[in-house]
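Below is one structure, written out as structure tokens, with a few remarks after it.
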Amino acid sequence: MNNTDPTSFESILAGVAKLRKEKSGADTTGSQSLEIDASKLQQQEPQTSRRINSNQVINAFNQQKPEEWTDSKATDDYNRKRPFRSTRPGKTVLVNTTQKENPLLNHLKSTNWRYVSSTGINMIYYDYLVRGRSVLFLTLTYHKLYVDYISRRMQPLSRNENNILIFIVDDNNSEDTLNDITKLCMFNGFTLLLAFNFEQAAKYIEYLNL
């Protein structure tokens, strides 16, 4: 110990103290830089989140609008309802002129209707046209006199499957005839509606035209 140079020992202590001081200073500087970086990240987070939100997919499920739609004009355009355009046929029933003497017409009191007739170019095969549906009319007594009449009337309309036959049961012993009429309707794409008087037959047309 007596041979140790005190100057050298003191210089070592001074060097150690200096290293400790530099180390502590470096830690302080590092913590400050970390705090600065953290504050910068906190300031940048809202901007980043806003960018993410603005890039979200807009669809019918989240019901969100882009930011450029926030002005009043764009919002009005977005909320404006489109005008409704009905594609349904008109409510006026078209009646073939061959039905002029049909008592059914006297009972069509709550439905608008007008006569139409066939021309050389435009042939009319229906008795009544209701909402785009072709309707044929037949009575049991007439069918017994002219059995082939209804099948000939159905033939040009059979390519469509939305046809209707209004059949008035105005005679007794109709079971066999009804079976035949039902088969004709099934094989020619007709819906069979049975009525027992002209007033009831007219009600069918009024209901179909609602």
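Backbone N, Cα and C define each Cβ position, glycine as well.
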Ranges in play 17-23, 87-93, 150-156, with Swiss-Prot marking motif 'Nuclear localization signal' at 17-23
Which is it, of 112-132, 133-153, that Swiss-Prot names as DNA-binding region?
133-153
So what's the mean pLDDT when you look at the motif 'Nuclear localization signal' (17-23)?
67
